[in-house]
Amino acid sequence: MGLLSKKLLVASMVAAVLAVAAVELCSAIPMEDKDLESEEALWDLYERWQSAHRVRRHHAEKHRRFGTFKSNAHFIHSHNKRGDHPYRLHLNRFGDMDQAEFRATFVGDLRRDTPSKPPSVPGFMYAALNVSDLPPSVDWRQKGAVTGVKDQGKCGSCWAFSTVVSVEGINAIRTGSLVSLSEQELIDCDTADNDGCQGGLMDNAFEYIKNNGGLITEAAYPYRAARGTCNVARAAQNSPVVVHIDGHQDVPANSEEDLARAVANQPVSVAVEASGKAFMFYSEGVFTGECGTELDHGVAVVGYGVAEDGKAYWTVKNSWGPSWGEQGYIRVEKDSGASGGLCGIAMEASYPVKTYSKPKPTPRRALGARESL
């Protein structure tokens, strides 16, 4: 296993089992033809959905949203009944949201008007790897390099979650220590080029981490789903660990082969178009669209593989909680032939670079005895 210990692997497997159990407590609402046959049946379905997802709507709001719920329920049921795609949808917690609300709340938060920071580490370190020599499948979860699925809530902070997945991953690979890191530090403190819940870019976040002495743990600086005052110095006093990186590199744009080269070696941050209804209500299987390339959501690729039907896929970690998709993940079709990859997954990929396990801490972090990773 190299630097990643068997203890880390067991811990990650236990966490995955617990996550699945938690998801089952909020299972998908089954739908049959009879559930959509009448207004009365649809109202009953809506009430069951609200109960299952612990959603409370006032009378007027409930009636206003019912029309959207009906439309979404028909869309999901029709897709699943046709069975002409290798993936299924379900009536998840977004069930009574229209796409405009969903986009404003959970996606559409990458700052396309702000240029990303150029890579501080030049080149593409995996360029010389022969694609034919790469393993046929990779899953960094099984190697103990991925923490549990998190939930960004109603905050446009996907960029921070995407960044953190990649940094947690390379840190675990280099040090053998899987540490959950703080998205909240990025939201509160990385404000020069990123904008908290209003959006940001992963490349800029990597450079913040490099230039500001690393990233603190989630335990010391927990997530609040809202932007607040940067208090990393105070939080650092209670944190035994801070994780450093050397910078970042970009994967050559629009190349799924180069993305595979990188993912074979570490988790990679990517941007996708995630605002479509099919992505919104994804449940299981290999996602084959529909989606475009208007990049609006930051996620992370933590592996790749081939499904039983022979369809290749990317394993993507999302930040919408473990009740979405396949316990918080989506398998996106790999090598689809689409320019930039399906949903634009290969258009703007990047990853943190970490060559040493314990670099010298910067003075900003010198606030008592702490371990530097």
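Glycine residues also receive a Cβ, built from the backbone N, Cα and C atoms like all the rest.
Between C230 and the candidates C189, C291, Swiss-Prot annotates a single disulfide bond, the one to C189. According to Swiss-Prot, C155 forms a disulfide bond with C197, chosen from C158, C197. Note: Swiss-Prot links C291 through a disulfide bond to C343 (candidates: C158, C343). Of all the recorded positions listed here (C155, C158, C197, C230), C158 has the Cα closest to the Cα of N130 (N-linked glycosylation site). Note on proximity: among C189, C197, C230, H297, N318, the recorded positions of the record, the Cα nearest C158 (leupeptin binding site) is that of H297. Annotation: N318 are the recorded positions among C155, C197, C230, C291, N318 whose CA atoms are within 10 angstroms of the CA of H297 (active site).
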